[in-house]
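What TrEMBL records for this protein:
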DOMAIN    40-290  domain 'G-protein coupled receptors family 1 profile'
TRANSMEM  22-49  transmembrane segment
TRANSMEM  142-165  transmembrane segment
TRANSMEM  197-224  transmembrane segment
TRANSMEM  245-264  transmembrane segment
TRANSMEM  276-298  transmembrane segment
TRANSMEM  305-324  transmembrane segment
Amino acid sequence: MENFTLNSFLLQLEDLNLSEDALYPVFLCFLLFYLFIIIVNVGIILLIFTDRKLHQPMYLLFCNLSVNDIVGNSILVPRLLIDMLRPSSKRVISYYECVVQAFTVHTFATTSHTVLMTMAFDRYVAICNPLRYSVIMTNRMVVKLTVSAWGVAFVLVGILLGLTVRLNRCRTLIMNPYCDNASLFKLSCESVFINNVYGLTFTVVLFTASIGSMVLTYAKIIVVCLTSRNKSLNSKALKTCSTHLVLYLMMLISGFIVIILHRFPQFSFYRKLSAILFHIIPGSLNPVIYGVISVVSLSELKSDFVLRLLHLLLLFFTSLQNTLPSHL
């Protein structure tokens, strides 16, 4: 069959194939997760910037993770929630909006790696070279690490999407509830060999650099802790590094699950669900595991801040639950 060019600017999105009984509970679950992500991450950012005691490289770098979680989920989740309540015929998206969403989705995933790599470097300097920490981790260095984390993601993802938008399109169905690069280049009937090669290279380079830097960093930190008799240093290293490592492993495992399920079309529902949870779960747990445990525990405002935040969340969720129909 000959290839033909359609290049439609309206694309159809697939749904999650949820039953009517499951639709509203899943909708409510996603909505509550999204609101929690926004409220808690914004709260952590405000706390860090308003409390001078937290104007330290570790916490300023962590703000990048919170910003990434807010932006990444705000581009994806609200649109997803609206589409869940729409009939299939009205679940459409413009091509340009789809490209922007795909760019944000991949930037979110890439920046999650690069930001955690910069945070690992900060922990390495703090634990392995504490006497020179203030000399190395200056405000200028924090800015350089931040710009590098975002800049690398923008460049890599920009090339990834640039190779896709050059293709002519002969299909209009996005095989996903949201747009990503793979869904976009599958709309084309042209050869996508270059896209596959670059996508694979991109993934291998990112994961190799990410895993390699983590292994190297934590290997040196472990050596320092084992050879040091300073119990205070070891305790601090265990506390800060364990939270950082939990975040990284959580993000890494969820990312691998999405990549693996892409290779098995028969598990399309689990692939769609895991791809959404890749945004929602880390975005919900990052501020809890790292922010509330590490940031708030080191602030003199800790108990007051946490209690006020939890009280507001409880009041909000209670009022929201009271407005829902009783059959939910």
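Cβ atoms here come from the backbone N, Cα and C positions, even for glycine.
Beyond the transmembrane segment (197-224), the same-chain residues lying 6 or more positions past its ends with a Cβ under 8 Å from any Cβ of the stretch are 110, 113-114, 116-117, 120-121, 123-124, 127-128, 156, 159-160, 163, 181-182, 237, 241, 245, 248, 252, 259. Panel annotation: around the transmembrane segment (142-165), residues 57, 60-61, 64, 99, 102-103, 106-107, 110-111, 114-115, 117-118, 121-122, 181, 184-185, 194-195, 198-199, 202, 206 of the same chain, lying at least six beyond its termini, place a Cβ under 8 Å from a Cβ of the stretch. For the domain 'G-protein coupled receptors family 1 profile' (40-290), the mean pLDDT of the prediction comes to 87. Residues 65, 109, 112-113, 116, 120, 182, 203, 210-211, 214, 218, 270-271, 274-275, 277-278, 281-282, 285-286, 289-290 of the same chain lie 6+ residues outside the transmembrane segment (245-264) yet bring a C-beta within less than 8 angstroms of a C-beta in it.
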